[in-house]
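The structure under discussion appears below in the form of structure tokens.
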Ligand SMILES: Nc1ncnc2c1ncn2[C@@H]1O[C@H](COP(=O)(O)OP(=O)(O)OP(=O)(O)O)[C@@H](O)[C@H]1O
């Protein structure tokens, strides 16, 4: 149904599009000049500049624009369009002119007249709403009728969808996503089964679908509602890190979600619906658990690749004596003597197809990685200098980590090239990964650092791309926070004990007198005592309460900056965004301290924040097309106004290490200030100076692994400010949020089946010795 043009209390500007000032086809973003015909707003000028996301606009056409006025500091009043619609002439003459215009091939004036006289002045909406409307027009050829309806639909389709979705408070951006999936069917689907949106459209919430369904009078026990409820509950559980939900838990959560005083629901209805979804392969029910298929297959796929890699035997014919000599030479070269655990780790890694190396900070993980690479090079007579390889892809050592900063750290500590896992696999956004089981990685040894941060999806994609004969070393610290995404791959692998593992316990950095390392290990080993909080050369503890946190941090920060320390080297980490000691407040205060407003510095306002040239910012999502990833930290280096660049849109330029990334306004929300970042976001990074507030106001979040992760981010200095009790309680609180994962089961099933195959094969061989083929003839 078409919304009545220009009707309702919604503000509009009706006008002719005079010309396009700027157009970005890829973004569907345009800035246009409008000659105003009519408006129900108080705007009294004859013309206005309008901007927004449009599918197609034609100069000379008349449109209704719905949106809001905006005051641009340089260009004055502009209209920010949130939805729009072509004005279809409502007079007979206007309509005839419209239908016989160039827009509609094959329809001349005569035919247009016939259509209007037959269908009346609402001809266009009749054609759009009823496929057969034109069949009653005498003398109109079937092909022409079909062509006209098709063109009209194409032309009106997007606007029609946008305008109708806006009635349900669905904005232009989400409307574009929806239109891409459903095209002109979007509104029909929304009206018949809004819950389908929850399945098909990323980011479309259950509550929105539910409200629309209620408005459209859909029954509260409708299977689609219950099905969407199940999917929504599963999607939510994935955000909490689960790979599946036990069916009972899932049912309880769905009941909670769908609860309604008007109509009761019982478990059997939900169970039945889960079975239906299972039949349709929308979920997978197995062993009393319910999975979203992508997660079930990720776990199972990962397990199958682990099995594949373990099956391929490794040829290693270096004798222990030879190896001792090689390692001895490396020790001489490195001017150190490997500890027993470290030697064992190098030896085992060289012998293993797949190995896990774990250990807390300063136990020598990087030292061991370097030792493994050098020893491998010596054994196989391979140079470990990338410069000796003409072709980059021939370099035998592939070093990778889940985040940009972790990869950079790995590169700096080993002196070898290291990239993010996404880059290694050639992630290209929607299209997926260039590297996969068909196009695998090249190289001989793969080393993945910070493996505790890798979720089951990424682990599966990575393992798919590992060729059978590659040796793999997974390095991580199991005591850190689990991955942000679903699963706990490192923990599950360690618990399954199917991959050889070496844990390093002896702390080497402590020998250099590091209090940070001492603290970290005391927390890890549950031997923390408050006297460890005494100030030291690399550690201070400042007593303060929640309301003093922002002030204390600002003072500490100021003192450090006054001492000449680079702002980029000081990182505040906190567990939560809200409350008076939260990340948001800390960022505001620190921005004011280190990068205040001045008349010379350009800035842009984004919701409640102001981004200013010189601001430290963090990327919040993966943006592979620009080579920036969730957690990367950069600095705003330029802000351009619309008329200052060839694209004619406002732009903000952020420098990440040596790479500049240009953001347009719609992407500004991918950034946040980074004077203070969440501990979760800091995983995989290290900073010279870490300031860590810990107060009881964070109690919901304070856990041993969170505090351990935060403390181990500090390289040279750590300043904790807050309450001793909150710290004590935090490190005594274990993360009881058990993640539901079944990787261990998948691994044992896979390995069990391969054992059975082996048994079967061996049985056949034995029997075959006694039986001749003729026995079967
Ligand atoms: N066997 C050793 N003898 C002397 N020094 C060592 C030895 N092993 C490691 N170190 C030193 O200890 C420090 C920490 O080692 P390394 O950086 O390898 O640990 P790590 O586990 O990677 O630490 P982090 O996780 O904090 O990065 C380094 O300065 C390193 O040179």
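Note that Cβ sites are derived from N, Cα and C of the backbone, with glycine treated the same way.
Copied over from TrEMBL, here are the features:
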DOMAIN    351-512  domain 'AAA+ ATPase'
BINDING   362, 363, 364, 365, 366  ATP binding site
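Cβ-based neighbour count (10 Å, all protein chains) for residue 364 (ATP binding site) stands at 22. Listed in sequence order, 341, 504, 505, 506, 507, 508 are the same-chain residues at least 6 apart in sequence whose CB falls under 8 Å from the CB of residue 363 (ATP binding site). In sequence order, 410, 413, 414 are the residues near residue 366 (ATP binding site), counting only same-chain partners six or more apart with C-beta under 8 A. The Cβ of residue 365 (ATP binding site) has 357, 359, 449, 475, 504 as same-chain neighbours under 8 Å, each 6 or more residues away in sequence.
Summarised as a single figure, the pLDDT of the domain 'AAA+ ATPase' (351-512) averages 91.
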